[in-house]
Structure formats: structure tokens, C-alpha cells
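Chemist: Would you mind keeping the following structure in view while I ask a few things?
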Amino acid sequence: MGSNDLINEAYDDSEVVGEERESKSAWMKRWYQLLTSPLDLQLVINEKLEMINWDAYAKSLAKPLGNFLTILFFIIRLLQDNLIKPNYYKLNVKSGAFDLSKSNKLKEFDYLWEISSSFQNNNQFYAFQSWYFVTLRFLNNLFRFTIFILLSLNLYVSCKFMFGYFKTYNLFHLKKEFNSPNLTKHNLKDLSKEYYEDIYKQSLWSMLKHFFRGSRDDGPHVNQNEDEIFFQLRKWIPTNFMINLFVSFSPTAIVFLSFSDVSFTSAIAIVFHQYILDYIITKRFQRSVDDDLILSSAALQEYEDKHIMARINQCSNIDTLSSAMGTRSKTPRIFTTHSLCGEEIREVYNYEKREFEALPKMTESVPGSRETRIKDYGGISQVSDHQSHPIGFHYSPRMSPYYRDKVLDNNLAQSSSNENLEKGGAYLPNQDQNRPSKSLSPLRKTPLSARQKRFEGSEFNVLNKNDINSILRSPKKKKNYHKR
């Protein structure tokens with residue numbers, strides 16, 4: 001590679017030229033977009049303004065800005081009443097009203113012309129052309145323009161504060177109608193697209209009325225159900241930035257300064273007005289609203305801790321009754337849910353498999369046996385017929401002897417009844433609950449009258465009647481049954 005090639009590579013500015021062309025083309029595209037679609041620029045500016053957290057600048061920007069605008073308005077009104085108003089006639093007098101040099105009659109007579117010229121020089125008819133009055137005239141025009149800008153800005157801030165911060169809430173679960181002008185009643189059909197299509201078909205006045213007022217339906221709704229009606233709340237929620245700006249640049253102070261003669265003593269009234277308004281709205285009313293939010297949050301948190309979390313968390317329900325073991329947690333073992341079709345599903349948690357298992361469905365025609373009910377109460381998925389007590393059934397220290405004796409008596413009674421029934425051929429209605437299939441049960445092959453006669457003649461008649469009565473008890477009385 002020669003020296004010329006190295007020099008050409010060192011001084012190769014093709015990349016720089018390409019970047020300059022790209023920058024120029026980008027600027028051309030931006031100017032073209034600005035000229036062809038100015039609304040896009042407006043959308044971008046509004047998006048940038050909405051992304052700013054204005055409430056964070058409420059104390060540092062809004063309040064000083066409002067106080068500065070109020071003081072500026074006071075100074076301008078003070079100068080207008082004490083500097084411009086005394087010289088109002090001299091500033092607004094016409095320059096050619098008493099100009100005798102322009103009179104043709106006086107020019108015809110020489111002595112009258114001399115008198116008129118001396119009279120004008122001695123009385124200074126052209127005093128308004130001096131630098132002092134020229135400056136006052138400029139200040140007068142500047143003050144008028146500034147007053148117009150400040151009044152327009154104050155009008156915009158006031159209208160924005162009072163009418164520009166409303167949020168609409170649709171309340172579908174509210175049943176009681178409150179006496180509030182912001183709460184209106186509507187039909188659920190108003191939320192459909194057909195409702196808006198009907199509005200577009202109406203007159204221009206109806207469309208404008210709906211655009212500015214919204215959909216209002218204050219009728220009695222006599223022929224409508226409560227499920228077809230919802231309430232709409234239009235709540236006024238001004239931002240913290242706008243509240244501080246409105247308080248510091250209030251329309252009451254501006255109106256007071258506009259229609260009164262302003263002097264230095266008027267500053268005392270303005271300072272007192274600013275302090276009282278800031279104290280009432282910002283330090284009292286706004287803090288009262290914040291305190292209400294704190295109380296509402298505390299009440300909601302208390303409800304969540306006591307009712308919602310107590311049902312979600314199994315270990316949060318604490319039994320505070322005095323016992324030998326102290327306080328212990330009560331964990332529900334059987335969980336009742338519903339499927340998408342509305343069917344009730346009863347599940348129990350298996351600690352060995354660490355998963356939920358569905359319990360067999362309980363029908364009204366065939367009640368469950370005592371063993372099945374004890375199994376459901378204890379939360380066990382499988383129980384063997386030859387065991388003295390269910391697997392995994394945990395008794396308390398005080399109630400374990402009672403439950404153990406009950407289960408042993410129940411197993412002995414069932415085993416003896418089964419042996420006797422195999423010999424005698426009688427069948428009881430609570431024998432086939434643990435069998436896999438109901439179609440293979442011999443109870444269905446024996447008529448009901450024969451079963452009843454054999455059951456009444458059995459020696460275990462009293463025992464089985466008590467057993468059936470205990471099984472047919474209400475599920476809500478399980479605790480009373482076990483405690484008895």
C-alpha cells in the first residue's frame with residue numbers, strides 16, 4: 001500500500017458527508033411532517049405534558065408561580081391608578097385639536113398670526129410630545145396588554161379548576177340511591193354500541209347535548225328491574241398542582257384589584273386574603289380529605305386482615321380457648337368449591353401426596369355411613385375396614401379416648417352385624433356405602449318390604465336405628481354429635 005492510499009484513507013470524509021446528508025434529510029422530514037400534519041405535533045406535546053408528574057411540583061412551582069402572578073397584577077394596578085390615571089387627559093388629548101397654526105383665517109391677518117404663534121410657544125401645547133409623556137403612553141399600552149393576559153390566564157385556571165377535573169365511575173353494585181347531584185341512574189343498554197348509534201341518528205342539538213352533558217336518565221324506572229339499572233357517579237377530583245395554583249392565583253383577589261382603587265394599603269388586604277385562603281383550602285380541607293383516605297385505607301386493611309385473609313390463609317384462624325395445650329390453630333380440612341357448571345366439589349388435602357383429592361359426592365337418597373362421616377370430618381381420603389381408627393386422623397389429647405372408643409364400638413358393631421347378616425340373609429340400608437358400584441349391591445335386588453321386615457326382626461335393630469339417626473343428622477350439627 002502506497003503513501004497516497006494512506007493519505008486518502010486518512011482524509012476520507014465520505015462518512016461525515018453521509019451523516020450530514022442524513023441529518024439534513026431528517027430535518028426535511030420533520031419540517032414536512034410539521035407542515036402537513038400539525039395535529040401530530042399537538043398530540044406529542046400533550047403526551048409529554050401528561051407524562052410529567054405535576055403534583056410533585058405543587059409546592060415548589062405552583063404556589064410561587066401563583067403568588068408571583070398576583071403580586072404582578074397588584075403592581076400593575078397600583079401604577080395604573082397612581083401614575084397613568086392622573087395624566088390620562090394629557091396622554092389621550094388630540095394633537096390637532098387647538099393647533100392655531102393650521103387655521104387659514106389667522107394666516108390672512110399678520111397680527112393674529114403673531115399672537116397665535118406667541119400663545120402656542122408660551123402655553124406649551126406640544127408638551128405631550130416630550131419624552132416623559134411618550135414613556136407614559138408606552139407604559140399604559142403595556143399595562144393594558146399585561147392586564148388582559150393575566151385576566152385571561154386567571155379565567156382559564158379558574159374554569160380548569162372548577163370544571164376540568166371530573167372522573168366518571170359506573171357503580172354496578174350500588175342498590176341504595178343517595179341524594180347527590182353527581183349521582184345519576186342509567187340503563188345497562190346505555191353501554192351498548194346500539195345506544196351510540198341511536199345518538200348519531202338524532203339531531204345536531206341532541207348530539208351536542210350528549211357531548212357536553214353526557215347521558216342523563218333521571219326517570220323513575222318503574223317498569224325496570226334493579227338488575228337492569230346501574231348508577232353513574234361524576235366525581236370532582238382536582239390535582240394537587242391545580243389546587244395550589246388556584247389558591248395562590250385566586251379569582252377573588254383579581255376581581256378585587258380590578259374594580260377598586262389600589263393603593264399601598266391594599267397590599268395588607270391581599271396578603272391577608274392569600275393567607276386565609278391557603279390555610280382553609282390547603283392546610284385544612286385538603287388535609288381533611290387525606291385523613292379520610294387514611295381512615296378508608298385502614299378500614300379496608302382491617303376488613304382484609306380479619307375476613308379475607310382469614311378465609312384464604314389456613315393457619316390464620318387461631319383458637320384462643322383455654323386448654324391444657326394452650327392456643328392452637330384450627331385449619332379447615334375439607335374445602336368446598338364449585339365447578340364452572342355450578343356443581344359442588346368437596347376436596348381434602350392429602351399431606352402424603354401433597355395434593356387435593358376430590359371426595360365422593362353426597363346424594364340425598366343414600367346417606368353416608370358413620371365411618372364415611374368421620375373420614376370426611378378428619379380430612380382423610382382413604383380408610384381401611386380392618387383398622388381400629390382412620391389413618392391420619394389426629395385427635396386432641398382431651399378428646400382422643402372418646403373418639404377411639406366410638407370408632408372401636410362402631411367397627412365391632414359393623415363386623416358383628418355383617419357376620420349375622422351373612423348367616424341370616426338380611427340386609428341393612430347402610431351396608432353398601434363403601435362398595436365401588438351401586439348396581440352390584442344386593443340391597444337393590446331385595447324388595448323394600450322384605451328388607452324392612454328383616455331389619456325389624458334383627459337383634460341389632462336398636463343399634464342400627466341409633467346408627468341411622470346419627471348419620472341422618474344435619475351437617476351443621478357435627479360438632480354437637482361428636483361432643484355428646
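For all residues, glycine too, the Cβ spot is worked out from N, Cα and C.
A quick note: this is a predicted structure, and the numbers were derived from the prediction, not measured.
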Chemist: Quickly, which of S288, S329, S369, S417 does Swiss-Prot have down as phosphoserine? Just give the residue.
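Modeler: With Swiss-Prot as the source, phosphoserine is noted for S417.
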Chemist: Quick check on the record annotations: which of S396, S400, S474 is tagged phosphoserine by Swiss-Prot?
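Modeler: Record lookup, Swiss-Prot, feature phosphoserine, residue S474.
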Chemist: What residues in the same chain, six or more past the boundaries of the transmembrane segment (145-165), come closer than 8 Å to it by Cβ-Cβ distance?
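Modeler: Apart from its flanks, the transmembrane segment (145-165) reaches 69, 72-73, 76-77, 80, 236-239, 242-243, 245-246, 249, 251, 254, 258.
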